[in-house]
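Input: a single structure, listed below in structure tokens.
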Amino acid sequence: MESVERVNLLGLDGAALSELVGQWGGKPFRARQLQRWVHQRGADSFDAMTDLARDFRAQLARDCVIEALPVNTEQRSSDGTRKWLFDVGQGNAIETVFIPEDDRGTLCISSQAGCVVNCRFCSTGHQGFNRNLRASEIIGQLWWAKRVLEAAADTARLPGGKAGEDTRVISNVVMMGMGEPLLNYDQVLPALRLMLDDNAYGLSRRRVTVSTSGVVPMMDRLSQDCPLALAVSLHAPNDALRDELVPLNRKYPLNALLAACERYLAHAPRDFITFEYCMLDGINDTDQHARELIQLARQVRCKLNLIPFNPFPASGLKRSPSARVRVFAQRLMDAGIVTTVRKTRGDDIDAACGQLAGEVRDRTRITERNATRTIPIQQVHA
């Protein structure tokens with residue numbers, strides 16, 4: 001007799017879970033109860049769900065599972081940053097990073113194993129593309145991290161840990177890990193909906209950010225299906241340079257990208273788009289580039305996030321000197337462009353923005369790769 005694959009409940013958003021429970025004759029409130037057990041309480045056993053009927057739990061045990069990806073390693077930085085390496089099979093892995101700050105806790109999650117966009121400055125792209133992640137594997141990163149962090153948390157040190165305030169460990173999620181989220185849209189969408197669902201993680205639309213290299217048609221779909229904070233990997237102020245740094249620009253050039261950003265803003269929870277700009281020595285960091293970037297930024301409501309490049313041997317690129325980054329940022333601010341600079345985090349555990357390569361076979365090259373995790377922490381100019 002052929003066995004039937006059991007349904008992984010981690011990958012079902014509220015509508016899909018209600019449909020499943022309805023097929024068994026269950027009421028919608030049962031689906032909500034089940035969703036809270038899985039995502040809010042972090043249950044991985046149906047026996048623990050004591051307020052559900054015994055026959056319902058038996059049905060769940062027969063037909064369903066609650067399974068995240070296997071964890072190969074966990075690393076902790078001296079600055080509090082934590083990283084998990086999840087096994088996706090065939091010797092490949094994805095990486096998930098938690099960045100604690102005084103006023104928030106941000107989880108950076110992956111949407112693909114590898115990436116097809118192949119941005120020149122990103123080591124993930126240099127690793128090639130393995131496969132899309134399933135919705136259960138995407139939300140499973142949040143599910144796992146929430147369980148681990150909450151189990152170990154000292155309440156007095158949680159973000160927002162004052163009396164009467166939200167004391168959740170993970171207050172923000174950014175889809176800025178491995179992969180291009182909008183090229184895995186059908187699996188990313190239910191994961192995003194779960195992040196926002198009050199019966200699951202209950203995050204604000206302003207606190208969930210999708211970062212895209214500029215997949216214009218899917219930006220339009222996201223604005224209709226699940227509008228939330230959007231970051232665009234810009235990295236160049238003109239098409240000629242962006243064609244070289246972000247090859248997707250050859251399909252969706254800057255004029256199309258900026259128009260899509262303007263359309264997105266009509267539905268977005270924030271009144272601006274974040275443009276990410278990796279600072280590359282002698283490549284995109286000159287005064288002329290700053291002038292071009294100012295003209296581009298004035299075409300859409302945005303803020304600029306300047307990212308120090310984290311070198312890796314295959315790129316052939318170098319990080320812009322700190323003094324050059326400061327001058328570049330000041331020029332933008334003097335022109336009235338809101339600008340932030342990211343601070344490096346987790347450099348001792350190889351947890352870098354644009355550097356998540358998910359290596360399983362060789363985890364010993366941390367010094368060689370010299371990667372750093374970066375997060376936005378300061379405004380350059382008030």
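Each residue's number is its place along the chain shown, starting with 1.
Backbone N, Cα and C define each Cβ position, glycine as well.
Around the Cβ of GLU95 (active site, proton acceptor), the number of neighbouring Cβ atoms within 10 Å comes to 26. The active site, proton acceptor annotation in Swiss-Prot covers GLU95 and rests on sequence analysis.
The feature active site, S-methylcysteine intermediate is assigned by Swiss-Prot to CYS353.
DSSP assigns CYS119 ([4Fe-4S] cluster binding site) to coil in the three-state reduction, placing it in neither a helix nor a strand. Taken from Swiss-Prot, the feature [4Fe-4S] cluster binding site applies to CYS115, CYS119, CYS122.
Under the heading S-adenosyl-L-methionine binding site, Swiss-Prot lists GLY179, GLU180, SER211, SER233, LEU234, HIS235, ASN310. Within the same chain, the residues at least 6 positions away from SER233 (S-adenosyl-L-methionine binding site) whose Cβ sits under 8 Å from its Cβ are CYS119, SER211, THR212, SER213, GLY214, VAL246, GLU276, listed in sequence order.
What Swiss-Prot lists as disulfide bond is CYS108-CYS353. CYS108 (disulfide bond) falls within a strand when secondary structure is assigned with DSSP.
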Starting from each candidate's C-beta and looking 10 angstroms out, tell me which of the binding-site residues SER211, ASN310 has the most other C-beta atoms.
ASN310
Can you tell me which of the recorded positions GLU95, CYS115, CYS122, GLU180, HIS235 is spatially closest to CYS108 (disulfide bond)? Compare CA atoms only.
GLU95
What residues, ordered by sequence, lie under 8 A Cβ-to-Cβ from CYS115 ([4Fe-4S] cluster binding site) and sit at least six positions away in the same chain?
CYS122, THR124, GLY125, GLN127, PHE129, MET178, GLY179, GLU180
To the nearest whole angstrom, state the Cα distance for the pair HIS235 (S-adenosyl-L-methionine binding site) and GLU95 (active site, proton acceptor).
23
